[in-house]
Amino acid sequence: MDRKQCCVKLSVQPSRGLMDEKFIILVQNVFPGFQLTLHALYKCDDGHSWEAFAHHAASAIGTVNVSEDPSLGGTYSGVEPMGLLWSLRPVPGSKPWLRMRKMNVRTPMVVTISVYPGHQTEGFLDQVSLAGVVVERWYMAPGVRRIPITEAGLTATLFLPPGPGPFPGLLDLWGGGAKLVEYRSALLASRGFASLALDYLTPKVTIETGKMVDNQYFERAYKVLEQHPQILSSRIAIIGLSLGTCITFKMAVYSQVAKLRCIVCINGSHVQPIDGSVEQILSFFNKNAEKNRFNNENQVICRDLLLPIPTDPSLKVDVGQLQCPLLLVVGEDDQNWPAHESAMDIKEMMERAGNSHLLTLLSYPNAGHLIEPPFTPFAKASAFRDISSRQMLVALWGGETAAHSRAQEDAWRKTLVFLRANLYAGANTDATSFSNL
């Protein structure tokens, strides 16, 4: 090996940052035109390993800057500064249909980025790299406080930003995957919002009694935020994904308890029995189970369950009554929910009612169902346990890797702008939004 190749320099800046921050990867001290492969390796909390790689050719001065120089092939192509994160995929031989989710937000996502000679596609761990750097990606900024909440029969975790506050509050509702999912709330707290991640499908009370929660469960969660001394009681919002959007719409329009400043709904629908509990909403969906389709890989496509969008007013939330701003995020290739059709109906209902000025619609071609915080690795399909039948299926979420990943980045940035505009404007608070760790 040439002496110069032995002295390859690899840097990643910042090497320690929040999950939604971009980094700059720079390779130096190689020959002009030298072909190399940049490789990212991550072992997630459940023990599965993920990798991504990109082929590059060094510039005339012997460098590769991933933020400026295109990948010529690999798990992504083109100029994509964060491609080595969002194109991560299970290493060959892994269990099929995995989805990466950070379940322990108190530890970072630790990614090893390495340089290998030539344009390679496999066998990275059997070789010695030319250079390597360890990168930390955090959901929790320094000083963010994680507080388990069990009062009022809740199973939840509250994340508070650093400092005395008071802070605007968010109720964070995920979808049908169940469990307590904390990483979005942790990142929102790192950006200055007190956020309560709520488990409403598998909370302790459901496990103990066998009964699903009622609608008052969500109002009690709202009251926990409203009554907290470090939260601004008049500046509370809800962010919901998938099934979580059903709860969000219902609370925003019909709750006599929740006085919401704004709501964010990601890839869901207003279609549901408006007087129904979570259990009744799921039963309503299951009545149309024959509309589920399977593709040639035996992946279930659920988007037809709520189609056609009903005209019966008792089967969809009257968004014409909505009195707070709504940010509606849509992946146009969502194969799990009829997000696009629902959004068009919501837009029409609000225009007819005269409150469409409250609607901000973000619609992304070739983006799928799971629009998550930026640089989250893309999953077109993954294993999923049906909450009603408890049957394990492979759900097709939809989307294309690059387009979906760009949608995640754009939607997150615009979500933060929307939340700041509606929750912080005119507020007297000491909250800070953090950049680098």
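The backbone N, Cα and C atoms fix where each Cβ goes, and this holds for glycine too.
For reference, TrEMBL has these:
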type	residues	note
ACT_SITE	S242	active site, charge relay system
ACT_SITE	D334	active site, charge relay system
ACT_SITE	H369	active site, charge relay system
DOMAIN	214-424	domain 'BAAT/Acyl-CoA thioester hydrolase C-terminal'
Cα-to-Cα gap, S242 (active site, charge relay system) vs H369 (active site, charge relay system), nearest whole Å: 8
Cα separation, H369 (active site, charge relay system) to D334 (active site, charge relay system) (Å, whole number): 5
Fewest other Cβ within 10 angstroms of its own Cβ, chosen from the active-site residues S242, H369: S242
